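Below is one structure, written out as structure tokens; the observations come after it.
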């Protein structure tokens with residue numbers, strides 16, 4: 001029996017504290033001053049609200065001159081145009097990372113600053129991104145909302161289900177633009193591309209060793225901490 005029901009989605013829990021943890025997934029503590037006139041949705045930014053309202057109205061006044069794409073806001077159109085030009089105007093001050101989006105740069109910078117503003121109330125786990133905290137909370141509640149369309153496999157993470165489904169379909173839709181390598185998920189492709197770029201983002205704090213593979217770094221770290229191996 002699971003008598004405790006979430007007011008926002010279909011989740012139910014056997015214990016009240018599990019429900020309270022689950023409800024944090026729907027909670028964002030930042031203010032949302034921009035209200036939708038058509039429903040209860042509220043946004044933190046005007047542009048986000050405009051994008052939402054377009055779902056109600058279908059109005060997209062900004063048109064791309066190179067293709068049929070239309071956008072709700074000028075900023076979304078400018079972002080789209082960069083897919084034609086390849087421009088990546090936002091550059092990280094700490095490494096060679098470049099992006100076409102300021103939001104992507106802000107997210108990237110968290111890797112350098114180590115800032116983790118999102119905290120789990122159950123165990124103190126900290127995350128750099130709200131989505132990471134939401135996934136973590138599911139380890140406490142036991143939720144696995146994402147289901148394989150081919151079998152009974154379920155997971156707390158959509159990416160895990162997509163990766164699993166490739167077992168059934170054999171689909172390897174991600175193709176390396178520098179060689180013939182193909183894979184079914186983006187994380188494998190990201191790791192593969194490092195073999196071309198020479199990027200080694202995983203660094204040892206105890207010496208100068210760096211690697212393009214997290215597991216290789218863990219193996220290396222055991223040399224400094226043999227008692228933990």
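Glycine is no exception: its Cβ is also placed from the backbone N, Cα and C atoms.
Taken from TrEMBL, the feature domain 'C2H2-type' covers 4-31, 34-61, 62-89, 90-117, 118-145, 146-173, 174-201, 202-229.
Each residue in the domain 'C2H2-type' (174-201) has a pLDDT score, and their mean in this model is 82. Remote same-chain partners of the domain 'C2H2-type' (146-173), defined as residues 6 or more beyond its termini with a Cβ less than 8 Å from a stretch Cβ, comprise 135, 138-139, 182-187.
Counting residues per DSSP class in helix, strand and coil order gives 12 helix, 4 strand, 12 coil for the domain 'C2H2-type' (90-117). The DSSP breakdown of the domain 'C2H2-type' (146-173), given as helix, strand and coil counts, is 12 helix, 4 strand, 12 coil. When the domain 'C2H2-type' (202-229) is classified with DSSP, helix, strand and coil residues number 14 helix, 4 strand, 10 coil. Non-local neighbours of the domain 'C2H2-type' (202-229) in the same chain are 191, 194-195; each lies 6+ residues outside the stretch with a CB under 8 Å from one of its CB atoms.
According to DSSP, the domain 'C2H2-type' (174-201) comprises 12 helix, 4 strand, 12 coil.
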